[in-house]
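Colleague: What follows is a structure written as structure tokens; I'll ask about it next.
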Amino acid sequence: MTLDTVKHAGGTPDVEQPWAELGLKQDEYARIREILGRRPTGAELAMYSVMWSEHCSYKSSKVHLKQFSEKKPESDAMLVGIGENAGVVDVGQGYAVTFKVESHNHPSYIEPYQGAATGIGGIVRDILAMGARPVAVVDPLRFGAADHPDTKRVLPGVVAGIGGYGNCLGLPNIGGEVVFDSCYQGNPLVNAGCIGVMKHEDLHLAKASGPGNKVILYGARTGGDGIGGVSVLASETFDAAGKPTKRPAVQVGDPFQEKLLIECTLEIFREKLVAGIQDLGGAGLSCATSELASAGSGGMRVELDTVPLRDATLSPEEILMSESQERMCAVVEPDKVERFLAICEKWDVIATVIGEVTDGERLEIYWHGEQIVDVPPRSVAHEGPTYHRPYARPEWQDALQADDAGTLPRPGTGAELKDQVLKLVAHPNQASKAWITDQYDRFVQGNTVLAQPEDAGMIRIDEETNLGVAMATDGNGRYAKLDPYTGAQLALAEAYRNVAASGARPLAISDCLNFGSPEDPAVMWQFAEVTRGLADGCLELGTPVTGGNVSLYNQTGEVAIHPTPVVAVLGVIDDVTRRTPIAFAEEGQLLYLLGDTREEFGGSAWSEVVHGHLGGLPPRVDLAREKLLGEILISASRDGMIDAAHDLSDGGLVQAVVESCLRGGTGARLVVPDGLDAFTFLFSESAGRAVVAVPRSEELRFTDMCGARGLPATRIGVVDGTELDVQGEFGVSLDELRTAHEATVPALLA
Amino acid sequence: MTARIGVVTFPGTLDDRDALRAARIAGAEPVSLWHRDKDLHQVDAVVLAGGFSYGDYLRAGAISRFSPVMETIIEQARSGLPVLGICNGFQVLTEAHLLPGAMLRNDHLHFVCRDQKLRVENATTAWTADYEAGQEISVPLKNMDGRYVADERVLDELEAEGRVAFRYLGGNPNGSLRDIAGITNAAGNVVGLMPHPEHAVEPLVGTGRTDGLGFFTSILKKLVSA
């Protein structure tokens, strides 16, 4: 086959090109021809097809994502915002923290182990590329029904992949979620988050400036895996049979190579050897070269035949599209190249000078001396198509909201209450996930202060001063289905509350927005509502969005997943010794319920567990109240007024109390407060609430603080004994609760 | 005066920084050792830390055992240099034949990370003198290939000579024969175990216990008083 050079393309305008097979639409192909003033070469077509994919270009979502910048709250903490590999926030003492959550949903359904593993690998490289040492990962996961046979195929593979890759990198896994719902049956959500820490002066950005600077590709050799992963896989709906057709589109990871890449890159940063750096993830070299050039002065020349290959038969198009893992691309001044290569050699990392920055404005790629790409890099990286997709509130939304969960039959006796409590804590969504999280290393690096099942994961970042950061991820697709705007704010509020409950001050967020097909106006409406809700919520809470990821086409045939915004909130704590755990550890501690409890059961765990019901409206959101609750929790932590705190969310008060009792190995006696019935007290999911354990010596100081600042604080009981006793209603032993809570997941999956 | 404790970094070692920190907290001078460097830089003892050296390719510890630094360590361990192998380090020690037996994949085939109860069976080794024989401690366990195996003759010999240094309590987490969590050589200078004492040296982090600090104070006292 003759090489499709730029010259050849200029002379053969009528050649048929496989733009449709590469996932491009006809008008997109026409636009490429217009930009270039000729037909694209095969290599150029490959680059545009991956970079203009939904996954890379955000073409359906970016008109909505703009709000995160337009409604950005004032924040002194933001150092780098949306658009870089990951956002960066100032956490004080000269430290900066970078963090992000991403999705690897489609690959993980097809090939659970490698899909999940490379999801971790990708997000870790994003963090590394900012100049930071990765210090922790988190994994928000969603699967189909817990008892469905395919869940037994997907979940163990995903968990083993996360563990197999993350454990081998030496990154503690400190949090995340596991949710089961049949809406995720054909579209599991495998999101992965990473936190990295650096000193301010170590911040690196992805740009190629300075003509004459060398472009170095280092890390693994390039292979035939993951070709078109972003365009064909992540940007198309699975067909109705759920059969993926592109198995090689899933990448294969090598965590050992990534560990070497991390250590090697950190040493290169320490010696200040790079002018710009970018990881290779989705869209591989197409993305790295075009983004580096586009963000810099514009010109770059690459000799593609110098790229080290695993498979010598790969074509230039395949090399440009390959998503082989564990690769990075750096821009290095000529006099620093020798030292750069020496450090790579020390770590047994292959490094190759593949090109240089030029003073032109074109990205030019050569193959054995012949020019195969000649494009304006911005047109590839930043000027992809923008769609204003039609959106419309689905006609079923009203009926869904009218189906009020408040009218469902409620337990009438103490015995029924007890029975439903046991059912609740044993349901796969509320049950202990230790069988899963015990497959992740949470101790490595020796800085883990809190890890799952705590409200937030917490990492010490300075051993001298005890400065630390905390992160929680949350998202409730059931709430978002009932009301996407409110659902997004509830996800934000819950993650914010979880971070505050651990004693840390929320600073900023990242989000992973998981939805069905943007070509469905109902899905697009959900997306529009969620982004609006999140942007408004972040503005009110003062926590800017630093970046994140959109995953669309999570749907099989006509059926989309619940809209599932997953929000990661990052917080800072000046002294991690002041952190607050969830465990009720000492008898005699007084239990206080903070916030207002209303009859709110729409989308609740109770409605799902007891009635298999989803309808009505989700709990009301009051972000001013969330902020006040957060301030109280943080002050009480700092000043030693509380020994434990646990946020109330799915499952309500009783779920939180059971978890705190089991964690501490103690019982509790609860009294239903005046004005509430036992059922609402135990199962309501009103937002803006937490339960805290207050030492008797601090009771007055704590209640005075709540009173002075106007936060309702109701004494509801005491830590005591070896059972959970709800006065006048029922008692249940810790042993019985523990068995119910801990047996479910192993029984389903082990 | 203090002692210098070296911690080896192989490609893929993960818990090297933790082991260096543990040595420092115990009062020793921590020294980083690099796998390509045969020189031990006058350290008085060596820790082979946990991780996945060389990606655990071939077999856990099988490739590291041939690295330049191991040449010197193997030679000096035979003449008395105290060596502690934790997790992957234990695997390296068995591959290097400084300790008998081998580690297979956990019997349940999953990675397991948990707080693990152990009984210190031998409190006379270089690394366990600060414990009492029979003392129960809790330290984190985290591995994929932690099932200790050896033939019956070797197991009987280990038992007879008091060389089973640690045994799992409260449930065998991986199917190790005779609940063995760690062993020592006959001289007591080379000790290997799967659980991670270096993760249990500070009340603030990990499981909140400091039960693992004794490994590092034991060796320090021995070296300083020698």
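A Cβ is built for glycine as well, from the same backbone N, Cα and C atoms used for every other residue.
Fair warning: this is a prediction, and the values are worked out from it, not measured in the lab.
Take a look at what TrEMBL says about it:
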type	residues	note
ACT_SITE	A:HIS55	active site
ACT_SITE	A:HIS104	active site, proton acceptor
BINDING	A:TYR58, A:LYS100, A:ASP511, A:GLY548	ATP binding site
BINDING	A:GLU102, A:ASN549	Mg(2+) 1 binding site
BINDING	A:SER103, A:HIS104, A:ASN105, A:HIS106, A:ARG125, A:GLN251, A:GLU323, A:SER324, A:GLN325, A:SER551	substrate binding site
BINDING	A:ASP126, A:ASP279	Mg(2+) 2 binding site
DOMAIN	A:20-59	domain 'Phosphoribosylformylglycinamidine synthase linker'
DOMAIN	A:83-198	domain 'PurM-like N-terminal'
DOMAIN	A:210-367	domain 'PurM-like C-terminal'
DOMAIN	A:454-573	domain 'PurM-like N-terminal'
DOMAIN	A:586-722	domain 'PurM-like C-terminal'
Colleague: Summarise the domain 'Phosphoribosylformylglycinamidine synthase linker' (A:20-59) as counts of helix, strand and coil residues per DSSP.
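Modeller: Result for the domain 'Phosphoribosylformylglycinamidine synthase linker' (A:20-59), in helix, strand, coil order: 25 helix, 0 strand, 15 coil.
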Colleague: Can you work out which residues elsewhere in the same chain, 6+ from the ends of the domain 'Phosphoribosylformylglycinamidine synthase linker' (A:20-59), have a Cβ less than 8 Å from its Cβ atoms?
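Modeller: Sequence-remote neighbours of the domain 'Phosphoribosylformylglycinamidine synthase linker' (A:20-59) are 4-6, 8-10, 12-13, 65, 228, 230-232, 234-236, 282-284, 286-287, 290, 304, 315-318, 320-321, 365, 367, 372-376, 379-381, 384-387, 518, 550-553.
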Colleague: Out of A:SER103, A:GLU323, A:ASN549, which of these binding-site residues is nearest A:ASP511 (ATP binding site) by C-alpha distance?
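Modeller: Closest by Cα: A:ASN549.
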Colleague: Tell me, which recorded positions from A:HIS55, A:GLU102, A:SER103, A:ARG125, A:ASP126, A:ASP279 are within 10 Å of A:GLY548 (ATP binding site) if we use the C-alpha atoms?
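Modeller: Of everything listed, what lies within 10 Å of A:GLY548 (ATP binding site) (Cα to Cα) is A:GLU102, A:SER103.
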Colleague: List, in sequence order, those binding-site residues among A:TYR58, A:LYS100, A:ASN105, A:ARG125, A:GLU323 whose Cα sits within 10 Å of the Cα of A:ASP279 (Mg(2+) 2 binding site).
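Modeller: Qualifying among A:TYR58, A:LYS100, A:ASN105, A:ARG125, A:GLU323: A:ARG125.
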Colleague: Quick one: find which recorded stretch in A:210-367, A:454-573, A:586-722 has the most Cβ pairs under 8 Å with the domain 'PurM-like N-terminal' (A:83-198).
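Modeller: Answer, by Cβ pair count: A:454-573.
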Colleague: In the structure shown, with every protein chain counted, which of the binding-site residues A:TYR58, A:ASP279 has the densest set of Cβ atoms within 10 angstroms of its Cβ?
Modeller: A:ASP279
Colleague: Go through the recorded positions A:HIS55, A:TYR58, A:ASN105, A:GLU323, A:GLN325 and tell me which ones have a CA within 10 A of the CA of A:ASN549 (Mg(2+) 1 binding site).
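Modeller: Close recorded positions: A:HIS55, A:TYR58.
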Colleague: Could you check which of the binding-site residues (A:LYS100, A:SER103, A:ASN105, A:GLU323) sits closest to A:ASP126 (Mg(2+) 2 binding site), going Cα to Cα?
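Modeller: Out of the listed candidates, the nearest Cα belongs to A:LYS100.
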Colleague: If you count Cβ atoms within 10 Å of the Cβ of A:ARG125 (substrate binding site), leaving out that atom itself, what do you get?
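Modeller: Its Cβ shell of radius 10 Å holds 25 other Cβ atoms.
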Colleague: Between any two of A:SER103, A:HIS104, A:ASN105, A:HIS106, A:ARG125, A:GLN251, A:GLU323, A:SER324, A:GLN325, A:SER551, the residues recorded as binding substrate, what is the biggest Cα to Cα distance in Å?
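Modeller: Maximum Cα-Cα distance: 20 Å.
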